[in-house]
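As recorded in Swiss-Prot:
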{"type": "ACT_SITE", "residues": "Cys116", "note": "active site, glycyl thioester intermediate"}
{"type": "DOMAIN", "residues": "32-185", "note": "domain 'UBC core'"}
{"type": "MOD_RES", "residues": "Met1", "note": "N-acetylmethionine"}
{"type": "REGION", "residues": "1-29", "note": "region 'Interaction with UBA3'"}
{"type": "REGION", "residues": "1-27", "note": "region 'Disordered'"}
Amino acid sequence: MLTLASKLKRDDGLKGSRTSASTSDSTRRVSVRDKLLVKEVAELEANLPCTCKVHFPDPNKLHCFQLTVSPDEGYYQGGKFQFETEVPDAYNMVPPKVKCLTKIWHPNITETGEICLSLLREHSIDGTGWAPTRTLKDVVWGLNSLFTDLLNFDDPLNIEAAEHHLRDKEDFRDKVDEYIKRYAR
């Protein structure tokens, strides 16, 4: 994290003192996304839910990170669920792209990792979709909440999982437990 922040500070220092006319502006410019990410990552790390951990495989690329959610209650308690997040160049006008890397039996996450979470949608009919005022903290808290209060059987992406829950809650729980033992340890 400090590497990109150091780069931003260095670049800010170069603004007033252009030493070479041959140096292009593009080598000095830092994207709006990257400036926002330095601030948001610091805020995120200070305000993570206790059930979440963030990992940056490359500290110079704050736009690519992994999130681990380890629910401490509900159906998914005891599992560790990995999410991959990529923040596009057009951030914060568009939401980050998030995929669940852990196979899971969940009404709002497909077995291939697609996620149904309003704030990850650029356009949402319920008015809770992405807005430029949202931050990575909102995304992380939203993903964490998919395992508790945002678990939604009434508006599923994985219809089969939602119908399974409706048909037989105990068997649904058994299948969730099986997936946790097999894929989320």
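Along the chain as shown, the residues are counted starting at 1.
Glycine is treated like the rest: Cβ placed from N, Cα and C.
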Find the average pLDDT over the domain 'UBC core' (32-185) in the predicted model and report it.
95
Would you identify the secondary structure of Cys116 (active site, glycyl thioester intermediate) according to DSSP, in three states?
coil
